[in-house]
Amino acid sequence: EGNQGGGRPRGQDSSGRGHLPGKKARTFDLEAMFEQTRRTAVERSRKVLGKKRECSQLMHLKTLPMFMKYLIFKIFPCREAACSESEGSSDEELTGPSVQSQTSAQGPAEDTDDDDEDDEFIGPPLPPGFKDSDDDNDNDDTEEEDTNPVKKIPDSHEITLQHGTKTVSALGLDPSGARLITGGYDYDVKFWDFAGMDASLQAFRSLQPCECHQIKSLQYSSTGDVILVVSGNSQAKVLDRDGFPVMECIKGDQYIVDMTNTKGHTAMLNSGCWHPKIKEEFLTCSNDGTVRTWDVNNEKKHKSVFKPRSVQGKRVIPTTCTYSRDGKLIAAGCQDGSIQIWDRNMSVSQVHTKFHCRQAHAPGTDTSCLTFSYDGTVLASRGGDDTLKIWDIRQFKKPLNSAERLPSFFPMTDCCFSPDDKILVTGTSVKKGGGSGKLFFFYRETFQKLYEIEVTDASVVRCLWHPKLNQIMVGTGNGLAKVYYDPVKSQRGAKLCVVKTKRKERQAETLTQDYIITPHALPMFREPRQRSTRKQLEKDRLDPMKSHKPEPPVAGPGRGGRVGTHGGTLSSYIVKNIALDKTDDSNPREAILRHAKEAEENPYWVAPAYAKTQPKTVFAEVEPEDDETDKPEWKKRKI
């Protein structure tokens, strides 16, 4: 500990031999010197720890006056001063062991001081060639991971987040990995906080930012303070971390032919993403055949427009778009199977591309994802023709590698790189009852299939491998968002919420009334003080009145002496108070003639009016029905 600066003790030259004047060379007993060194190190560490404790205790005495603190620190100097004094005195006293043995004993102590100041090396140096068993195991594990990339995949544990019942079509994680957002075909966007969730795995917020439009894409900005929401309408939205709106892009004029002259998109959006370096800029692509960049601070008009074109120069629809890792290139995958890349800073012409590949995927299919590798040299594309390809944009004519027979039924099926840039991940789609959706892992260099995970009995739409958490998020076609992690290899994220126990819900909490404290009320109006909440809950549960479940409202005209929900009028009140006979007579003629005798004996309405002119009532005679069996078909009565 005394030689922290890496120098040598005073009184010795660079070769390690002593040159003190007036002293002759002596022979030394090594065992005695090692024992003396050990004892000296133990005593010194005890002194340093004692001084440190005294200093830490004295640092908390903030209420003392300044002159008292000055006196105390004069008497009890802090750790650095104590160490420097002990080092100086020890350097003057020690004239025994050679420099080699001292530096070997001090070397490990310096390393441990860097890692943890409290842990100090005590005792003689370790013999040369000694290796700790834990270090051997760690080295073996790292060597095994280097040779076998499958060991790096964190899939030993998983949690399932229930987003809804429809497809989870969008996933987003903030750069720190603290919050996850999911969006789906049910128009909902849900917020999940790993640090705030318990084992029940419930979202802390759910909203519909775009009303009745399916969510296509969700992404946090590079700083994590705002969220880009791309839905099925023509206007992208930006929300803050809590889901409140920040800006909404303007809608363009759909009657203008040249899309460059419109201020915004005029058709449904397909995808969008943030600029990796500029936190205010984002990118969107639409069915109007344009790719536009926007500024969060200017929602009235786009920044620039890029127009992909087919071989004949006609308009073609971009289905996905992305920035390169340095933000200098903009790439778009189009419906004609092409991948077109522009220079972001190009202001002269937004039509001519810097790189392009006309036959990247099959024409007429939706290229669902484009993503650049972390080193920025390779582009991966997930096509609607059930393929996954990897490209070198400097040699864009032919893919470096390709994988086929990877079904994709969704226009936003993902692919992503692993944090170490050696593995490429994508999901597959399945029809209902057609098996399980899988997550495939391919080695980047050879495109050999390394591993596969059976996720669920539905399609795997979205996948995201976060570099800081080292966890894989998956969105499925049946409304689930799964998180795969490893307790050893992964950091934070899902590990924070699985260890929290689920809070027990008390059903009887709603039965008790609020207790109002009135200390100055008269005794006759004062409520008795509640002694224990649990006992009161048990009493209320046994009370048939307090624990009675409210009867549901009556639907329809009402029954059992109860008026229907609409019965707030005078007629409903009368019906409620009189016994209304609702007997149904199947024969209406008999129901009328039932009152004939009473009407004849005591006429009131019709009979007095005809008493002089027609004293005897004449009724219509019922004629027997003619037998129509003998009539021809055209004379028969049609019912």
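Using the three backbone atoms N, Cα and C, a Cβ is placed for every residue, glycine included.
The region 'Disordered' annotation in TrEMBL covers 1-27 (among others).
Marked as region 'Disordered' by TrEMBL: 87-158 (among others).
Marked as compositional bias 'Polar residues' by TrEMBL: 97-106.
Taken from TrEMBL, the feature repeat 'WD' covers 161-193 (among others). Listed by sequence, the residues of this chain that lie at least six past the ends of the repeat 'WD' (161-193) yet keep a Cβ under 8 A from its Cβ atoms are 201, 203-220, 222-224, 227, 229-231, 241-243, 410, 412, 459, 461-464, 466, 468-469, 471, 473, 475-483, 491-493.
As annotated by TrEMBL, repeat 'WD' applies to 262-304 (among others). Long-range Cβ contacts of the repeat 'WD' (262-304) within its own chain (Cβ-Cβ under 8 Å, at least 6 residues beyond either end) map to 216-217, 219-223, 225-226, 228, 230-236, 238, 246-254, 256, 315-327, 330, 332, 342, 344, 347, 350, 411-412.
Residues annotated as repeat 'WD' in TrEMBL: 323-343 (among others). Within the same chain, residues 273-278, 283, 285, 291, 293, 306, 308, 310-311, 316-317, 350, 353-370, 372-376, 379, 381, 383, 385, 391, 393, 396 sit at least 6 positions outside the repeat 'WD' (323-343) and bring their C-beta atoms closer than 8 Å to a C-beta of that stretch.
When pLDDT values are averaged over the repeat 'WD' (370-394), the model yields 91. Residues or ranges marked as repeat 'WD' in TrEMBL: 370-394 (among others).
Summarising the annotation, TrEMBL assigns region 'Disordered' to 527-568 (among others).
The compositional bias 'Gly residues' annotation in TrEMBL covers 557-567.
TrEMBL lists 616-639 (among others) with the feature region 'Disordered'.
Per DSSP, the secondary structure of the repeat 'WD' (370-394) breaks down as 0 helix, 13 strand, 12 coil.
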